[in-house]
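Comments concern the structure below.
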Amino acid sequence: MKNIVVFASGNGSNFETIAAACKSGELDAEVKLLVCDKKGAFAIERAKKYGIETLVLTPKDFPSKADYESEILKKLSTTDIDLICLAGYMRIIGDTLLEPYQGKIINTHPALLPSFKGMHAIEQAVEYGVKIYGITIHYVDSSLDGGKIIDQASLYYDGDDIEYLKEELLKIEHALYISVIKKLLSK
């Protein structure tokens, strides 16, 4: 069985999708830890529901990004980790975490990269007038939403209901993330 660590900052729906896929046996893996950077994030409640250990560290409590990531690294080094999944983790991963886990950190982004990087990608795409939206799963490097693309899925939408669009993209994101994780863990 493979070991997964998930990083999240907010609601945690992708985290829960991964945890549920592990629990059901869809993924031959176990989520060993949720790393969260916000004390009030709902992802923490989701982790409790699944009995998953949680590490909550607030970056502002550390003198530097390197110190913050070093504290996370201390915890990660106690477990054999096969994959780290960023699931709505709203921070750029620095060298402190990238170096020891190069090629083992993946992220999901609600746009067809390399277009619409960063926050509010769906809103950016709507504002630009695109008709084909999508989800990208990619390896993480030191750049914002950079790294080699692993897989993408698209959705044609010609409407103006952003909430509907977000809901549809989230369904696609959940399915794509599980598919990619399954593929990567089978290697």
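Using the three backbone atoms N, Cα and C, a Cβ is placed for every residue, glycine included.
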What does TrEMBL list, out of Lys49, Lys60, Lys65, as binding the same (6R)-10-formyltetrahydrofolate as Met90, Arg91, Ile92, Ile93, Asn107?
Lys65
On a C-alpha basis, identify the one among Ser13, Asn14, His109 that is nearest to Arg91 ((6R)-10-formyltetrahydrofolate binding site); the candidates are the recorded positions.
His109
Using the structure shown, find which entry in Ser13, Asn107 (the binding-site residues) has the sparsest Cβ neighbourhood within 10 Å.
Ser13
Any idea what DSSP makes of Asn107 ((6R)-10-formyltetrahydrofolate binding site), helix, strand or coil?
strand
In the structure shown, which of the binding-site residues Gly12, Asn14, Met90, Ile92, Ile93 has the fewest Cβ neighbours within 10 Å?
Met90
Mind telling me which of the recorded positions Lys65, His109 has the densest Cβ neighbourhood, counting other Cβ atoms within 10 Å?
His109
